[in-house]
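Lifted from TrEMBL, the feature list:
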DOMAIN    33-93  domain 'HTH tetR-type'
DNA_BIND  56-75  DNA-binding region
């Protein structure tokens, strides 16, 4: 590229810093990561205990054991922190659903594979249920939070749609996009009911009913 860089950009290794005496010192990256994580962990705990609106930045840094200056070094304000926490939470939620999905193509899935996917969705809501409940309620009044949730919804639906399209020749489905949206909404709504609203029917029965419905919908011709 015509430039000699002092840091190892190609391997994504951090540049080392030099002090006034020219000595190389280790970067503070690990400490920075730990500080940021401590702030987010403290916020998760306080949001669950006092609510998002009932918690301020001073309480967060006190619980995290860091200075207010450290807070503002990583986050512009509490809203910025909340949005980053939501992004991180939804990434973990997405991974919990999809990382152990059967490697077999959907055309070879039986009811057990479908049930496993549905069960993973329900289990993903146990990662941080109170945080999910509060932020999901806020999405209807906060456009920024809603945007984060909509991006997550899109990737969930797109993941389902891609599976359907890849095996559309053997699946009994005509409209991949609409079908993916219906499957996603059905499972999400049932999981929300079970985890956040409360229900008068056992969770396992909901999982079994969803499994039967989805399998009958997608099973090969």
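Any Cβ shown, glycine's included, is placed from N, Cα and C.
Just so you know, TrEMBL annotations are computer predictions that nobody has curated.
Averaged over the DNA-binding region (56-75), the predicted model reaches a pLDDT of 95. Taking H, G and I as helix, E and B as strand and the rest as coil, DSSP gives the DNA-binding region (56-75) the counts 15 helix, 0 strand, 5 coil.
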